[in-house]
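Database features (TrEMBL):
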BINDING   A:Ala10, A:Gly11, A:Leu12, A:Gly13, A:Thr14, A:Val15, A:Gly16, A:Ala17  NADP(+) binding site
BINDING   A:Lys107  NADPH binding site
BINDING   A:Glu192  L-homoserine binding site
ACT_SITE  A:Lys207  active site, proton donor
DOMAIN    A:356-436  domain 'ACT'
Protein chains: 2
Amino acid sequence: MAQPLRIALAGLGTVGAGVIRLLESNRDLVSARSGRELEIVSVSARDRSRDRGIDLSPYAWEDDMTAMAARDDVDVVVELVGGSDGPALALARNAIDAGKNLVTANKAMIAHHGMELASAAESAGVSLKFEAAVAGGIPVIKGLREGAAANAIEQIYGILNGTANYILSTMEATGADFSSTLKDAQELGYAEADPTFDIEGVDAAHKLAILAAVGFGAHIDFDSVDCEGISRVRAADIAQADALGYVIRLIGMADIEMGDAAAPVLLQQVKPCLVPKGHPLAHVTGATNAVVAEGNFAGRLLFQGAGAGDGPTASAVVADLIDVARGEIGAPFSVPSGELVAMQPAESGGRVGQTYLRFTVTDKPGVLAEITAAMRDADVSIESLIQQGRANDGGEVLVAMVTHDGPESGVSKAVELLSGSESLTAPPLVMKILEE
Amino acid sequence: MAQPLRIALAGLGTVGAGVIRLLESNRDLVSARSGRELEIVSVSARDRSRDRGIDLSPYAWEDDMTAMAARDDVDVVVELVGGSDGPALALARNAIDAGKNLVTANKAMIAHHGMELASAAESAGVSLKFEAAVAGGIPVIKGLREGAAANAIEQIYGILNGTANYILSTMEATGADFSSTLKDAQELGYAEADPTFDIEGVDAAHKLAILAAVGFGAHIDFDSVDCEGISRVRAADIAQADALGYVIRLIGMADIEMGDAAAPVLLQQVKPCLVPKGHPLAHVTGATNAVVAEGNFAGRLLFQGAGAGDGPTASAVVADLIDVARGEIGAPFSVPSGELVAMQPAESGGRVGQTYLRFTVTDKPGVLAEITAAMRDADVSIESLIQQGRANDGGEVLVAMVTHDGPESGVSKAVELLSGSESLTAPPLVMKILEE
């Protein structure tokens, strides 16, 4: 058997502890599949004294984690510190510059600095691997980068945030409203004390930008992700969707269009959407993640599993380590970073499809006429319209409608026409309807 | 860029033609992801003159396909001939012996001779890859072998045959009976003229034996797969299952138990099962395949997609070729073949779970008492029992029941007790109920 793969592990939160536990409990099979031992030689974290329930005494402790990059006895650095910049990025840069392989679970760092790190890793002839950065334990980076490698990927979309999916599917099951469901989720540990990144779609956007780069061979462009969260989704929207044959899910979606100049442009959106009940994503409940990739030969591929948690994330980290141990060094984003294409972001509004709109309006005559007139003037054709019979406590009435297939730009125009209206008590909630 | 990877392609049916079309239409991206050109240099098939809608003139034709293994200008042989033995096996052996990498879509050959071929490939230092042999375009071999490599796999199960799933899900949608649905499926091209391998579970058993070897690091043991098809499933069973909250699917299932001698034993079954509607596999309809792997750290992973067809299968073949081009040679079954464990097959009947039984009985007094007495004597506890009100044309009545959780051996005993009964017009249909 070859020499052990010597690992420096930075960051000892739940995932770091999970990696240590996994390498202990699955030691024999990991060695058999790697063709060599995986040996942690050095660890580092902010707080040495914290009780993590694991014995750290076998590993050399480094107070300064960036010093791990310089150790002669290390082949690969595992970065589990988190944060797009700061110590994580400093460690990643130093490790690669020192000729170490880098494995990371840090989606924010890859979404912001993945291009730079990939280019550096290629120059240094080392691996940069980040399976754990997207969708936890689901091997979707490998699925796109290798499993679907023979395909032109036409579209990538999915449920990329477990917290948001837990909240939406719980609202669906209980009929409860967003704020109380979020509160319960926080108490149960499914949502963080500050849930902003999860419920506003930022976490999903990080993952989407990474998937798009791998799948389409494009420059990572996190800043262009058009991002909207789930905090405005009401129990009434879920009930309406249900009556119409849909569920509501926070969907990250990326695809390629030919722009005006016939150069491909990249659409990246994270938004709550209506998903037909016959679609596989409609049945993804709880904190589960699921990613669909449509390939031009493979057709629709679905990868589903636990999107977070120490066990699943550790599984992905160690899968990357096994790849490194096997010597499987390849381009981090499937093609060499110099060949990744810088694509312009797609103008939103170019798509054709059905849309769900929900208005909160004052309970007075003429409101429906005003809304439907705006639709007419924007050339939006309405398939169905439901007005709730009774005003809620605030004297507010909900009007929901589904359009026929039509350009999204028409819907945007209708919303704009209504933007000054005194009949609307809040901006309308607009959700795309996924095709089955 | 490195030298081209030079390919000999044996077998020019729909999949072979699909591989040629894929390599033509996706040439640039395949080269970019491989780091080199993939170049077909030689082709062979039984009939040279047949019109396949593709131009074969760029490729050297070999009348004797085994001669391709000896060509100096070939790096990898792609075997798409089919059949567990005969020319396919001769070609595979010759290719490996001649130091060529081998890529195959041949599930029967791998299920029967995979151990021998893996061992030969390891000795020769070449790749043996068979992603296309299991579940068409779904990268599930890679998902198990690499994506879930850090996990002890606890169970692998799924929908492994598109024809059977098409028939069952169509029966579910239309209420039609098996034979008419099969006939329609044959007319639509979803079932072959001789559908035996698909509807009797043999095809699924080939795939299951391969998945079990990769997932558990076990010797392939196709002969021990306990296999039952779907031809006895009636429209009435599907209706009963629906009323109870289940759908019926042909499920291939493999897992490991500790046997009496505390040595692990391997359970492999292909059988129609009742799947709770809340389980992801319940929503897999049509010719789609789906595989679930339960890992001890990753939890439940689901891989879903098109299980057959020229495009998806070609996608898997070329993914293997890209791996070969990238130099990713590893143990075909995840660990070196010498380390694969020869496991005894599990005694059936050791499991505890719920079971669905359906009896066809003569319409006369005392039949129900006879059946329920047998259940009592075998210590099987009945959760629900439904007798159809009306006899069908043959004077035959259906009695369906669901047991409480209990050992499968009890159910087998009850069935045995009833085996001589004149009240039963046919052996009962017994189906396991999957847990959610």
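Every residue, even glycine, has its Cβ placed from backbone N, Cα and C.
Where the annotation comes from TrEMBL, it is an automatic prediction and has not been curated.
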Least surrounded among the binding-site residues, given as A:Ala10, A:Leu12, A:Val15, A:Ala17, when other CB atoms within 10 Å are counted: A:Ala17
Under 8 Å by Cβ from the residue listed as 'active site, proton donor', same chain, sequence gap 6 or more: A:Lys107, A:Ala111, A:Ala133, A:Val134, A:Ala135, A:Leu160, A:Asn161, A:Gly252
Fewest-neighbour residue among binding-site residues, criterion Cβ within 10 Å, set A:Gly11, A:Gly13, A:Gly16: A:Gly13
For the domain 'ACT' (A:356-436), residues assigned helix / strand / coil by DSSP: 21 helix, 29 strand, 31 coil
Most Cβ neighbours inside 10 Å, all chains, among the binding-site residues A:Thr14, A:Lys107, A:Glu192: A:Lys107
Residues within 8 Å of the A:Ala10, A:Gly11, A:Leu12, A:Gly13, A:Thr14, A:Val15, A:Gly16, A:Ala17 Cβ centre (excluding the NADP(+) site residues themselves): A:Leu9, A:Gly18, A:Val19, A:Ala45, A:Arg52, A:Leu80
Local backbone state of A:Gly11 (NADP(+) binding site), from DSSP in three classes: coil
Helix, strand or coil at the residue listed as 'L-homoserine binding site' [DSSP, three-state]: coil
Cα-Cα distance linking the residue listed as 'L-homoserine binding site' and A:Gly11 (NADP(+) binding site), given in Å to the nearest integer: 19
Secondary structure of A:Ala17 (NADP(+) binding site) (DSSP, helix/strand/coil): helix
Secondary-structure category, per DSSP, in which A:Lys207 (active site, proton donor) falls: helix
Between A:Glu192 (L-homoserine binding site) and A:Ala17 (NADP(+) binding site), the C-alpha gap once rounded to whole angstrom: 19
Per-residue pLDDT averaged over the domain 'ACT' (A:356-436), given as an integer: 90
